[in-house]
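Single-structure report; data block below.
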Amino acid sequence: MRVGVLGAKGKVGATMVRAVAAADDLTLSAELDAGDPLSLLTDGNTEVVIDFTHPDVVMGNLEFLIDNGIHAVVGTTGFTAERFQQVESWLVAKPNTSVLIAPNFAIGAVLSMHFAKQAARFFDSAEVIELHHPHKADAPSGTAARTAKLIAEARKGLPPNPDATSTSLPGARGADVDGIPVHAVRLAGLVAHQEVLFGTEGETLTIRHDSLDRTSFVPGVLLAVRRIAERPGLTVGLEPLLDLH
């Protein structure tokens with residue numbers, strides 16, 4: 001399988017370049033960074049592209065890839081409901097093309113989101129804290145936003161988080177994502193970390209995941225690359241490939 005990498009000179013992109021080059025069943029067909037023409041992907045007969053670029057350019061990348069029938073595995077963040085709808089509309093004309101967009105490709109992070117959804121209905125309170133390096137473009141992270149949405153979905157019909165706060169500085173209680181407070185930390189020395197805190201009378205539960213190195217994303221990305229052709233259309237999240245129930 002011929003695989004191209006967009007964002008190849010970034011920290012995650014460079015990790016993906018090395019991972020693809022080291023895989024016996026994959027061929028690195030192109031490695032592109034800012035300023036490189038996307039036509040290099042078609043020139044190299046690329047079948048699947050890994051995109052770890054920037055929210056400002058990812059939609060243009062996807063439009064090109066879909067138009068050319070190239071499957072896309074996307075780890076770039078900043079996707080909204082409107083952006084997902086746009087991707088789906090592009091895919092209508094290319095029913096055999098696949099796009100997988102995931103907020104996180106670390107297997108442990110995907111599992112932590114799954115565990116959080118399972119635990120959510122058993123606790124009165126839930127909050128999310130995400131911690132990342134200071135170069136991250138978006139806040140809160142896509143992983144934290146998705147985690148909060150999964151928790152809110154699991155708690156549907158239950159009372160909201162108890163919170164007697166009547167006065168606070170703007171932002172002190174975090175961002176409200178479907179009723180779940182999400183707090184973002186940006187700190188030098190961090191990579192990608194998340195805590196989900198649950199509380200009820202007499203006990204708390206903390207689910208924490210730490211990506212200590214960007215190689216933590218490699219197994220999930222390569223899994224998606226190898227299986228993406230099985231899932232025409234848009235897939236959001238890595239969970240469908242892990243057979244989680």
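We count from 1, first residue shown onward.
For all residues, glycine too, the Cβ spot is worked out from N, Cα and C.
Features as listed in Swiss-Prot:
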type: ACT_SITE; residues: His132; note: active site, proton donor/acceptor
type: ACT_SITE; residues: Lys136; note: active site, proton donor
type: BINDING; residues: Lys11, Val12, Gly75, Thr76, Thr77, Ala102, Pro103, Asn104, Phe105, Lys136; note: NADP(+) binding site
type: BINDING; residues: Lys11, Val12, Asp33, Gly75, Thr76, Thr77, Ala102, Pro103, Asn104, Phe105, Lys136; note: NAD(+) binding site
type: BINDING; residues: His133, Gly142, Thr143; note: (S)-2,3,4,5-tetrahydrodipicolinate binding site
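In sequence order, Thr143 are the recorded positions from Lys11, His132, His133, Lys136, Thr143 with a C-alpha within 10 Å of the C-alpha of Asn104 (NAD(+) binding site). Reduced to three states, the DSSP call for His132 (active site, proton donor/acceptor) is strand.
For Gly142 ((S)-2,3,4,5-tetrahydrodipicolinate binding site), the nearest of the recorded positions Lys11, Pro103, Phe105, Lys136 in terms of C-alpha separation is Pro103. When secondary structure is read from DSSP and collapsed to three states, Asp33 (NAD(+) binding site) falls in the coil class. Across the fold, the C-alpha of Ala102 (NAD(+) binding site) and the C-alpha of Lys136 (active site, proton donor) stand 16 Å from each other. Within 10 Å of the Cα of Thr77 (NADP(+) binding site), the following recorded positions from the list His132, His133, Thr143 place their own Cα: Thr143. Between the alpha carbons (Cα) of His133 ((S)-2,3,4,5-tetrahydrodipicolinate binding site) and Lys11 (NADP(+) binding site) lies a span of roughly 12 Å.
Listed in chain order, the extra residues whose Cβ falls within 8 Å of the Cβ center of the (S)-2,3,4,5-tetrahydrodipicolinate site residues His133, Gly142, Thr143 are Thr77, Pro103, Asn104, Glu130, His132, Lys136, Asp138, Ser141, Ala144, Ala192, Gln194. Cα-Cα distance from Gly75 (NADP(+) binding site) to Thr143 ((S)-2,3,4,5-tetrahydrodipicolinate binding site): 11 Å (rounded to the nearest whole number). The shortest Cα-Cα distance between His132 (active site, proton donor/acceptor) and any of the binding-site residues Lys11, Pro103, Phe105, Thr143 is the one to Thr143. On a Cα basis, the residue listed as 'active site, proton donor' lies 12 Å away from Lys11 (NADP(+) binding site). The Cβ neighbour count for Phe105 (NADP(+) binding site), using a 10 Å radius and every protein chain shown, is 28.
Long-range C-beta contacts of Thr143 ((S)-2,3,4,5-tetrahydrodipicolinate binding site), restricted to its own chain and to partners at least six residues apart, with a cutoff below 8 Å, comprise Pro103, Asn104, Ala109, Met113, Glu130, Ala192, Gln194.
Ranked by how many other Cβ atoms sit within 10 Å of their Cβ, the recorded positions Lys11, Lys136 place Lys11 at the bottom.
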